[in-house]
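Annotated features, as they stand in TrEMBL:
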BINDING   A:Glu35, A:His69, A:Glu149, A:His182  Mn(2+) 1 binding site
BINDING   A:Asp57, A:Asn221, A:Ser223  Ca(2+) binding site
BINDING   A:Glu66  Mn(2+) 2 binding site
REGION    A:222-274  region 'Disordered'
COMPBIAS  A:239-252  compositional bias 'Basic and acidic residues'
There are 6 protein chains.
Amino acid sequence: MFHHSSKLQYEVRCDKPNPAFAKYLQQAIGGIEGEIRVAMQYFFQAMGARGNPKYRDMLMMTATEELSHIEFLGHAVALNLEGAPVEVTEDAAKDPVVHAILGGMNPRHVLSSGLSAMPVNSNGVPFDMSHVYATGNLAADMMANATAEGGGRVLASRLYNMTDDPGMKDMLSFLIARDTMHQQQWMAVIEELGGMEAQLPVPNSTPEAHENTEHSYYFLNTSLDEPTPEGRWTSGKSLDGRSEFTIREKPDPLGQKPDLGKAKPGSGAQKEQM
Amino acid sequence: MFHHSSKLQYEVRCDKPNPAFAKYLQQAIGGIEGEIRVAMQYFFQAMGARGNPKYRDMLMMTATEELSHIEFLGHAVALNLEGAPVEVTEDAAKDPVVHAILGGMNPRHVLSSGLSAMPVNSNGVPFDMSHVYATGNLAADMMANATAEGGGRVLASRLYNMTDDPGMKDMLSFLIARDTMHQQQWMAVIEELGGMEAQLPVPNSTPEAHENTEHSYYFLNTSLDEPTPEGRWTSGKSLDGRSEFTIREKPDPLGQKPDLGKAKPGSGAQKEQM
Amino acid sequence: MFHHSSKLQYEVRCDKPNPAFAKYLQQAIGGIEGEIRVAMQYFFQAMGARGNPKYRDMLMMTATEELSHIEFLGHAVALNLEGAPVEVTEDAAKDPVVHAILGGMNPRHVLSSGLSAMPVNSNGVPFDMSHVYATGNLAADMMANATAEGGGRVLASRLYNMTDDPGMKDMLSFLIARDTMHQQQWMAVIEELGGMEAQLPVPNSTPEAHENTEHSYYFLNTSLDEPTPEGRWTSGKSLDGRSEFTIREKPDPLGQKPDLGKAKPGSGAQKEQM
Amino acid sequence: MFHHSSKLQYEVRCDKPNPAFAKYLQQAIGGIEGEIRVAMQYFFQAMGARGNPKYRDMLMMTATEELSHIEFLGHAVALNLEGAPVEVTEDAAKDPVVHAILGGMNPRHVLSSGLSAMPVNSNGVPFDMSHVYATGNLAADMMANATAEGGGRVLASRLYNMTDDPGMKDMLSFLIARDTMHQQQWMAVIEELGGMEAQLPVPNSTPEAHENTEHSYYFLNTSLDEPTPEGRWTSGKSLDGRSEFTIREKPDPLGQKPDLGKAKPGSGAQKEQM
Amino acid sequence: MFHHSSKLQYEVRCDKPNPAFAKYLQQAIGGIEGEIRVAMQYFFQAMGARGNPKYRDMLMMTATEELSHIEFLGHAVALNLEGAPVEVTEDAAKDPVVHAILGGMNPRHVLSSGLSAMPVNSNGVPFDMSHVYATGNLAADMMANATAEGGGRVLASRLYNMTDDPGMKDMLSFLIARDTMHQQQWMAVIEELGGMEAQLPVPNSTPEAHENTEHSYYFLNTSLDEPTPEGRWTSGKSLDGRSEFTIREKPDPLGQKPDLGKAKPGSGAQKEQM
Amino acid sequence: MFHHSSKLQYEVRCDKPNPAFAKYLQQAIGGIEGEIRVAMQYFFQAMGARGNPKYRDMLMMTATEELSHIEFLGHAVALNLEGAPVEVTEDAAKDPVVHAILGGMNPRHVLSSGLSAMPVNSNGVPFDMSHVYATGNLAADMMANATAEGGGRVLASRLYNMTDDPGMKDMLSFLIARDTMHQQQWMAVIEELGGMEAQLPVPNSTPEAHENTEHSYYFLNTSLDEPTPEGRWTSGKSLDGRSEFTIREKPDPLGQKPDLGKAKPGSGAQKEQM
């Protein structure tokens with residue numbers, strides 16, 4: 001069960017409200033790199049967690065923290081929208097600066113939300129829950145979570161660079177820090193379970209008989225004119241410790257030329273297809 | 001530039017066409033765990049790759065392979081739809097078996113595609129490109145790719161279990177194998193670049209001055225009644241080698257109680273808010 | 001800031017796990033009538049609340065409660081999925097009952113989530129945040145909230161009828177009760193502010209000079225052959241107390257026939273349009 | 001059956017074409033607060049209406065009116081796009097005013113529609129029909145409709161403030177007026193049926209035995225540090241006349257700690273979860 | 001301006017209500033091949049029509065007709081849902097026939113709409129307005145419209161085959177007929193304007209100097225192992241009468257190998273990319 | 001099976017990088033008129049092709065070409081983003097030119113992709129695969145393809161006009177040329193199969209007994225006040241050669257007034273509807 005306390009997890013100050021930056025910040029709320037995504041992702045993973053219950057607890061605790069991140073970012077958006085124009089006068093309509101502000105902001109911050117945050121990204125596209133990755137497989141989920149936090153910290157770093165407002169920079173430096181921890185915490189689960197060697201390939205429970213292992217360890221060079229880009233993935237022991245990496249270049253197709261024959265009567269095709 | 005040869009990358013046999021399994025297979029084509037996603041993800045990452053060009057080449061080569069996976073899976077869907085009913089007779093309408101088949105298949109496999117594959121998942125929801133993760137950050141992208149392949153191999157393993165058709169099992173055992181390689185190949189890039197210690201936190205180019213490092217290494221226990229779930233993430237050296245993990249329990253909020261004051265005249269609020 | 005305690009807000013029992021009912025329950029999680037929607041709607045309204053802060057507090061408290069509803073419903077979905085098949089044997093493939101179960105469940109409950117809840121509706125369509133209505137106008141928001149809870153209670157009542165599982169019925173009877181309270185609580189805000197007469201038309205801050213009041217109080221009968229359906233809306237004092245309702249039948253258009261003239265050179269039209 | 005006459009329901013004049021305002025106006029066409037939504041919502045409610053047929057007629061008549069609103073707003077968008085640039089010269093490319101115009105308009109108004117209206121909102125996001133609320137429950141639908149019209153009038157009032165064009169203001173003052181009537185007309189249905197006391201809780205046909213009424217009339221304070229915000233919803237007779245409002249503070253969870261146990265073999269989880 | 005008369009454009013009878021067929025019919029309402037799409041497509045094209053106004057009138061008249069098609073199909077869906085179960089008893093839960101019915105129907109036809117039509121397709125995916133194609137180019141629009149009607153008639157023919165209900169077959173035979181006319185009417189516009197030779201390439205107003213005509217008339221064989229499939233498109237006069245078709249086989253790339261160099265400082269990439 | 005060569009199909013030069021034009025170009029990648037759409041559309045049509053295999057080959061060859069178009073357009077976007085700001089200084093924040101640039105570009109080109117192409121349109125809306133039209137009917141598909149290419153060439157022509165960069169104009173003149181060919185190649189299939197007379201109505205395999213031909217050849221004038229717009233579609237031989245076009249004006253409805261009666265007990269309606 002969830003509870004709430006009235007103060008924000010971190011203080012939000014906005015020295016120079018900027019409606020364009022409000023639009024940018026929306027990416028951290030409703031973008032695929034944003035906080036709604038991680039809050040819901042960890043929450044749904046927790047609800048489906050099977051196995052050692054400590055991972056469930058860990059997921060729920062961080063899901064709860066991410067809800068608090070939505071909250072202070074939402075406040076930051078509203079503070080940046082203080083000062084956005086809500087009425088256009090004849091003079092304003094002629095002013096290129098006003099045009100630039102209006103062009104640079106999300107019109108729905110005036111029209112739809114009345115100067116407050118929305119669950120959308122910086123293009124105004126609503127977040128959709130297809131981005132909540134929760135597979136029921138612990139390693140797949142931990143990777144997905146570290147990925148989400150990596151994307152989140154990239155975003156927070158870019159936002160930090162796109163503002164010169166000290167309050168916003170301070171808030172973002174907190175987010176950058178928490179994203180550091182969260183990246184590590186999910187990868188630490190994998191390390192605790194024996195690291196990549198033990199956890200790969202995901203799922204590690206697939207019986208070997210279900211895998212055509214002849215095809216499991218070669219890098220396929222599908223290029224007609226480029227040499228294989230060599231690296232850790234083209235030679236040496238595989239990361240799961242089961243085999244050696246090799247290379248397969250200019251591969252011949254292994255299958256047939258597909259042919260579906262004629263269309264069935266009654267199937268809605270043209271007569272010429274039947 | 002892309003080229004094509006007429007045979008499939010891998011042979012597809014379907015011994016017992018099954019329209020319900022055709023619906024299931026769609027998840028591997030148009031699901032978030034599917035092949036359209038990885039093909040497009042690696043393609044867009046390649047187009048935006050900066051730095052050592054070998055990673056660009058590697059991405060494009062595997063993007064090209066994934067297009068071939070869409071192709072043979074698409075053929076597998078069509079083969080499973082051979083035998084689906086396209087006309088309902090009075091007798092059929094009374095037959096519970098026919099009802100079960102009709103109920104179990106995707107109606108659009110008859111109504112919209114005329115017995116062939118669609119770029120949709122197993123619920124019939126079209127794939128949308130918001131799932132193409134390409135950040136311009138190499139480590140974030142490699143993590144995203146390993147995640148996608150982990151999800152893909154989980155899916156392929158589940159599909160393997162949900163069919164008893166030998167041809168389908170054979171095709172899926174090939175997919176399971178390639179997903180093994182692809183998971184490893186993306187993680188091998190990270191290993192080649194010094195492993196997690198060198199690559200974390202993502203992005204590793206964020207100046208330390210942009211991070212409020214006081215908050216970077218504690219696990220936050222937001223639960224009111226649960227002890228902290230202890231593990232690799234609560235003590236010991238952080239995975240980036242920069243610090244030590246600690247715990248913060250029952251944390252007090254660090255910020256203010258948010259207050260936006262009164263609504264502006266002309267902002268479309270109720271009078272009582274002004 | 002959010003906090004969590006480890007027990008569910010309400011107890012969940014599932015006596016006869018039923019994968020089809022798991023699919024049905026998803027509507028209450030990720031449907032437009034569901035709990036993600038109200039949780040996020042009240043949360044975003046709270047973050048944008050201006051005016052008397054008690055409404056902000058009220059919104060945040062109920063948002064927090066709704067998060068707890070997602071949580072116990074998510075558990076209910078997982079419990080209903082215990083017993084769903086994860087492997088298909090040759091015998092099973094021939095069994096019409098198994099076919100019916102497979103046809104009746106959401107395939108992604110096996111393929112994607114591994115037997116747990118997803119943030120999707122009963123068709124498997126992911127929830128998207130465009131359904132979070134938060135206008136910055138208190139009365140509009142209260143109406144939207146009462147609407148959402150009305151739809152939610154309709155749904156919960158239908159779900160109650162669609163199961164014969166005593167545990168599920170018990171859980172739903174709790175949801176039905178809370179939806180009762182939530183409907184009333186939002187309408188009570190309007191009553192406290194003077195009721196419909198004071199709050200309509202929304203927004204009540206629009207200056208009368210911005211409204212062509214000649215058109216504000218007639219019911220427009222756009223039918224060519226039906227008499228006006230008479231009722232409270234065709235005569236008597238208007239609900240805002242400002243005027244009297246009247247009727248306008250078979251109305252003549254008040255505007256011009258639209259004509260955009262020719263297409264511009266360079267605008268990409270056909271020559272014949274220029 | 002529908003019919004059409006060639007003139008607009010209301011006259012549209014645009015004195016100073018403004019491509020940025022064209023983008024803003026799109027919210028009133030393809031936004032969730034817009035006319036496509038209400039036209040389709042009333043239409044689908046009418047098609048599903050059961051009970052007294054006069055409500056069906058009323059819904060269809062107003063659906064028909066809303067189609068006419070789409071029509072004149074679409075014309076208004078096209079008129080505002082007269083004067084938008086369709087060719088960029090070298091000089092134009094250097095001009096910050098042109099940059100501001102291009103930045104402020106929807107690029108698809110040139111690229112996709114060739115200077116005319118689209119069924120999208122002011123962010124260019126296409127309207128999707130998930131926003132058509134039609135529940136089969138008369139009171140739920142009436143509430144949804146009044147909500148939609150409240151949102152619509154808030155939007156029209158904001159658009160009125162965001163333009164200084166007299167023609168646009170005139171058109172919007174008509175819309176504001178019709179939204180006044182439509183809000184009232186849907187609430188008048190509820191009043192005619194006995195008002196909130198008779199219609200709440202929605203659905204009023206749910207047998208009391210299906211409701212755990214012990215939980216139906218308390219406001220739940222989920223905050224750890226805030227007193228309950230008191231008001232009409234915390235004491236006094238409930239709006240349905242069945243009970244008294246009370247308060248429940250710092251509630252203890254009523255349910256169990258959820259535990260799903262181990263993952264099943266064959267379910268695609270990691271070995272460590274089994 | 002729109003008007004309505006109370007009777008349906010065509011009579012709807014449903015002799016054997018079938019909830020599964022109700023789901024199928026939804027494709028004709030809210031599918032991309034359905035009536036909402038064409039109604040809105042013609043409507044938006046009409047609102048943006050420039051040039052000879054008779055095409056505008058024609059578009060609006062047929063848009064109006066398509067609204068009437070939505071209406072009778074919506075009634076057909078509701079009639080097919082008469083008889084769908086709204087309550088599940090213990091006996092029913094054990095009955096495979098009931099399971100098949102429940103599995104075969106759209107659960108939201110009970111849960112969300114209360115036994116009536118929804119603006120969704122046969123998978124329950126809501127229609128979204130991105131499918132409204134209106135380019136401002138008359139020929140492009142006419143092609144899009146003929147395409148939509150072609151898809152619509154394919155669908156109606158398939159639906160005809162998927163039911164044995166005489167009333168449904170009768171209604172669909174009317175739809176098939178109207179789709180015949182509508183296909184032809186849009187292609188007749190092209191014929192009236194001089195046929196394909198005059199109208200191609202679309203747009204025919206693009207100055208020849210804007211086209212690298214060296215590449216305008218060859219069929220590109222991108223296959224490594226297949227001969228060029230010969231036909232009307234590989235030799236003979238081009239359809240616009242401007243040139244001759246030719247073939248280009250195993251083409252060499254004409255461009256460079258793309259190289260974006262290093263990532264910029266401050267751009268959020270990994271250090272190794274800079 | 002797909003293969004790749006390392007050079008682009010066509011050379012891409014960008015003389016004056018322009019982040020706003022990068023946003024515009026996205027329409028040609030991820031818009032409904034763009035290259036992802038046609039690549040995937042031809043690919044899925046090829047996978048479902050039944051009948052003469054040469055059409056399958058033709059589709060796959062052109063699908064492969066379109067993948068190469070995505071590739072060079074993606075490079076063009078990245079080149080236009082060179083020079084976009086990734087850091088905002090205090091001075092920059094005051095500069096209206098910088099504001100105009102920031103307002104005119106897609107913020108996600110910095111925040112999400114780090115200066116490279118995304119699979120989104122010029123509004124930042126991700127492409128979704130519902131736009132992949134593949135019906136299993138050859139004529140319907142050919143029409144859909146010619147439509148897509150018509151829309152594509154309209155877009156490319158508009159983009160040509162919206163830039164003054166010689167490199168971009170050169171690249172677009174190649175695209176315009178290929179779109180010319182592709183339009184013609186799909187229509188040439190129809191011509192080869194006997195032209196419109198033989199192929200209409202689509203599907204031409206629908207038995208005449210399934211069509212109420214009384215309604216197949218009249219233009220329906222649904223207007224109350226406009227005369228029928230006369231043209232090729234109102235008189236003369238129908239395009240399929242089967243009949244003559246006629247006109248039906250001010251049509252009377254042929255159907256009943258719909259009436260669903262009362263709502264069922266247990267269906268979640270209000271009591272007043274039962």
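A Cβ is built for glycine as well, from the same backbone N, Cα and C atoms used for every other residue.
Curation does not apply to TrEMBL; its annotations are automatic.
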Enumerate same-chain residues with a sequence separation of six or more from A:Glu66 (Mn(2+) 2 binding site) and a Cβ-Cβ distance below 8 A; give 'none' if the list is empty.
A:Glu35, A:Val38, A:Ala39, A:Tyr42
Going by C-alpha distance, which of the binding-site residues A:His69, A:Glu149, A:His182 is nearest to A:Ser223 (Ca(2+) binding site)?
A:Glu149
For the region 'Disordered' (A:222-274), the number of residues DSSP places in helix, strand and coil:
3 helix, 7 strand, 43 coil
Going by Cα-Cα distance, pick out whichever of the binding-site residues A:His69, A:Glu149, A:His182 is nearest to A:Asp57 (Ca(2+) binding site).
A:His182
Enumerate same-chain residues with a sequence separation of six or more from A:Asn221 (Ca(2+) binding site) and a Cβ-Cβ distance below 8 A; give 'none' if the list is empty.
A:Pro227, A:Thr228, A:Ile247, A:Arg248, A:Glu249, A:Lys250, A:Pro251
Could you say whether, by DSSP, A:Asn221 (Ca(2+) binding site) belongs to a helix, a strand or a coil region?
strand
Hey, which of our binding-site residues A:Glu66, A:Asn221, A:Ser223 end up with a Cβ under 8 Å from chain F?
A:Ser223
Interface-proximal binding-site residues, chain B, C-beta separation under 8 A, candidates A:Glu66, A:His69, A:His182:
none
What other residues of this chain sit with their CB within 8 A of the center of the CB atoms of A:Glu35, A:His69, A:Glu149, A:His182, the recorded Mn(2+) 1 site?
A:Val38, A:Ala39, A:Thr62, A:Glu65, A:Glu66, A:Ala148, A:Gly152, A:Leu175, A:Arg178, A:Asp179
If you count CB neighbours within 10 Å, which one among the binding-site residues A:Glu35, A:Asp57, A:Glu149 has the smallest count?
A:Asp57
10 Å Cβ neighbour count around A:His69 (Mn(2+) 1 binding site)?
26
Are there any residues in the same chain, six or more apart in sequence, whose C-beta is under 8 angstroms from the C-beta of A:His182 (Mn(2+) 1 binding site), and if so which?
A:Val38, A:Thr62, A:Asn145, A:Glu149, A:Gly152
CB neighbours of A:Ser223 (Ca(2+) binding site) within 10 A?
20
